[in-house]
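Chemist: So that we are looking at the same thing, I have put the structure below in C-alpha cells.
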Amino acid sequence: MAPGRAVAGLLLLAATSLGHPSEGPELAFSEDVLSVFGANRSLSAAQLGRLLERLGAASQQGALDLGQLHFNQCLSAEDIFSLHGFSNVTQITSSNFSAICPAILQQLNFHPCEDLRKHNAKPSLSEVWGYGFLSVTIINLASLLGLILTPLIKKSYFPKILTYFVGLAIGTLFSNAIFQLIPEAFGFNPKIDNYVEKAVAVFGGFYMLFFVERTLKMLLKTYGQNDHTHFRNDDFGSKEKTHQPKTLPLPAVNGVTCYANPAVTEPNGHIHFDTVSVVSLQDGKTEPSSCTCLKGPKLSEIGTIAWMITLCDALHNFIDGLAIGASCTLSLLQGLSTSIAILCEEFPHELGDFVILLNAGMSTRQALLFNFLSACSCYVGLAFGILVGNNFAPNIIFALAGGMFLYISLADMFPEMNDMLREKVTGRQTDFTFFMIQNAGMLTGFTAILLITLYAGDIELQ
C-alpha cells in the first residue's frame, strides 16, 4: 500500500481525537473501527499497531474478522455528506472535519467499494461465448425430446409428467420475468433496491387467485356431466357415431389446434390418422391436409401449418437466444437463470411442435430435422445478444424478453395447462391429483429462480 495512504490514515485517526462524538452516524463509524481493532470501545497500543498494519504502515499479519458492522456498503462522498446532515455544497472546515473522519477511516479499512467492484465485474468475452454456447446447445437438445418421448405419449402416466413440466415452465418463465429481466431493464439491483419482496408479492397475487379459482372449481363442479364428449375405443363401433364421426383434438401450440378424424382403429385402440383438419384459433378457418405420417412425402404435399409452426418457432428461438446472450454479458448467473427458464419452457413446447409436424404430413425424420433447424436460430439470437450486450446497454433486450416471458407463461402455457386436463379428469380425486402436480411444477420453478436471485452474490461460476 502507498505510504501516502498510510499517512492519510494516521491523519484521519488523529483528526478523530479532536472531536468527541456522542451521537449520530460518526459514532456508528467509530464503533465499526473500534469493534474490529479495539476492545470495549477503546484502542490500545497493540491494537493501534494492527490498525496501522491494515493501513499499510506496517507488515500485515492475519485476516480480519469484521463481524457485524453498522455500515458495510460502498459510500460515495455525497453519501457521507448526506449521512452527516451536510448538503453537497457544504464546505468542510476544521470545525466539522472531525465529524466525517470516522466514515472515511472506516471506508479506508474495510474497502467495501472494492468488494462492490468485484461483485459487479462482468465476465470475460470467452466466458460469455462459452457459457452461452453451452446453454443454447443444451436447450436445443430439447428439440430432440419429441422423438425420444413419442412412445410415451400413449402411456397413462404421461399426462401427469407433461402437466408437471408445463407448470414448471410457467413458474420459471413468470419468476424470471419479475425477478430478473424486468428489474434489470429498469436498472434495479436486488441487493440495493430491495425489490425482491415486492416481486414475491406479485407472484403471490397470481398464485393466490389461481389457487382459489381451482379450489372453487373442484368443490363446485359436478363430475360426469361435462359439456364435452369423451371418446372411448368402443365409441367408434356404433353405427350412429360412424355416420357422425367425431374429431380427436391434438395438442394446441401457438394458437393453432389440429383435429384428426379417426378412420381406422387397430384392435389395441391406437388410431391411424388419414386426414387432419387444421383449425386456427384466430380466424376459425379449416384446411384439409393429407397426412401419411410414417413416409417421406414431398415438401409440397406437407400442410401449410407445418411451415407456419416452423417459422414461428424459429422466431421464438431467436428471441430466446437474444435474451440468453444479453443476460450472459451482464453476469453468468443471470444467463444461467434465463437459460433455466427457457429450458423448462422448451420441453413441452418442442414436444407439441413435433406432434403437430407429424400430423401435418411430415415423416418422423422430416419433423425431427425441421424442428432442430428452427431450434438452431437460437444460436443466431445468442450472437446478436452478446454483440448488443457488449457494445450497447442491453436493457431494451431484457424488457423485450421479460414481456415475452410473461405472455408465454400467462397467455399461452397457463391456458394450455388447464385445457389439457379436460379429457383426463374423470372425478374429483383425479382433478385434485392434477391440481397438486400443477402446484408442484409452478412452485418448483418459482423457488429455483427466487433462490438464484437471493444468493446471486454468493454464487460464483468459474
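Using N, Cα and C of the backbone, Cβ positions are placed for all residues, glycine too.
Here's the feature list from Swiss-Prot:
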SIGNAL    1-19  signal peptide
TOPO_DOM  20-132  topological domain 'Extracellular'
CARBOHYD  Asn40  N-linked glycosylation site
CARBOHYD  Asn88  N-linked glycosylation site
CARBOHYD  Asn96  N-linked glycosylation site
TRANSMEM  133-153  transmembrane segment
TOPO_DOM  154-160  topological domain 'Cytoplasmic'
TRANSMEM  161-181  transmembrane segment
TOPO_DOM  182-191  topological domain 'Extracellular'
TRANSMEM  192-212  transmembrane segment
TOPO_DOM  213-367  topological domain 'Cytoplasmic'
MOTIF     345-350  motif 'XEXPHE-motif'
TRANSMEM  368-388  transmembrane segment
TRANSMEM  391-411  transmembrane segment
TOPO_DOM  412-431  topological domain 'Cytoplasmic'
TRANSMEM  432-452  transmembrane segment
TOPO_DOM  453-462  topological domain 'Extracellular'
Chemist: State the count of C-beta atoms found within 10 angstroms of the C-beta of Asn40 (N-linked glycosylation site), not counting that atom itself.
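Modeler: Taking all protein chains shown, Asn40 (N-linked glycosylation site) has 7 Cβ neighbours within 10 Å.
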Chemist: Per the definition of 3+ C-beta pairs under 8 A with sequence separation of 6 or more, do the transmembrane segment (161-181) and the transmembrane segment (432-452) touch?
Modeler: yes
Chemist: So what's the average pLDDT for the topological domain 'Cytoplasmic' (154-160)?
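Modeler: The answer is 82, the mean pLDDT of the model over that range.
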Chemist: Check each residue in the chain of Asn88 (N-linked glycosylation site) that is at least six apart in sequence and keep those whose C-beta is under 8 Å from its C-beta; list them in sequence order.
Modeler: Glu78, Phe81
Chemist: Any residues 6+ beyond the ends of the topological domain 'Cytoplasmic' (154-160) with a Cβ under 8 Å from its own?
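Modeler: Long-range Cβ neighbours of the topological domain 'Cytoplasmic' (154-160): 270, 420-421, 424, 433-434, 437.
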Chemist: Going by DSSP, is Asn40 (N-linked glycosylation site) sitting in a helix, a strand, or coil?
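Modeler: The three-state answer is coil.
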Chemist: What residues elsewhere in the chain lie close to the topological domain 'Extracellular' (182-191), defined as a C-beta under 8 angstroms and at least 6 residues from its ends?
Modeler: 199, 330, 334, 395-396, 398-399, 402, 453-454, 456-457
